[in-house]
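Reading through the structure tokens given below for one structure.
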């Protein structure tokens, strides 16, 4: 259907409604004169997750462009985005919306079962059956299902010095993005320290406090939980480590845990975090304490 046919249809519809006919469309300005193409930084086709988009500076005619460039490189915060009158510029708004969508996606999506199997991990679940229930009933995410309890008792090493647990938490990306660089060096470091290491496994829909029940069931001296953090705006790959000494469901409180957060390539590198966690586990065993009860 060409432009002339479209105009005829419009005139016919307008006439049937008793409205004056629409004038013929004028030739678009871009057909008679050249239109300036938008720059790559301003183009809506720019990949909003790319390094180029993240380094974009929206301040027009800056007095010291080199200062803005250095400031932009030094932080992931939304600086140097400029304004369009009282409003954010289009590129800045699009990046904000894209980052917000990415953060929502990592909360809602699942760690693929195929991925868990590919890592050779035993998978167990909390009492949660789906993601919606996980988000609305955090109390159920703190307890293992009966099937999970039986699986741990039958398939895991009992009474380890250190038990390492992986859980999706509130960020699927945090697990899949950092796993290869944190778990192998962590397990290797614990074994080289002469510690008895339990069978690592994956808990789907787990909350932090679930490590208390795990430690109690397996008789672990130290439990290390690697769990996806609640994502920030534009940072959906941040992992946390919650370590606790001799946890008990009835008596362990949040102050008994030691937390190492912000583990990702843009924060604490996973390999570096693994070394810190190994040292932390050794100190916990030496002091027989964790959280606020540890001495530095």
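From the backbone N, Cα and C atoms, a Cβ is placed for every residue, glycine too.
Keep in mind that this is a model prediction, so the values were computed, not measured.
Here is what TrEMBL says about this protein:
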type	residues	note
BINDING	208, 229, 259	adenosylcob(III)alamin binding site
Practice item. Would you find the one among the binding-site residues 208, 259 whose Cβ has the most company, meaning other Cβ atoms within 10 Å? Key: 208
Exercise for review: Reduce the DSSP letter at residue 259 (adenosylcob(III)alamin binding site) to three states and note it down.
Suggested key: strand
**Study point:** Number of Cβ atoms other than its own within 10 Å, given for residue 229 (adenosylcob(III)alamin binding site)
**Key:** 19
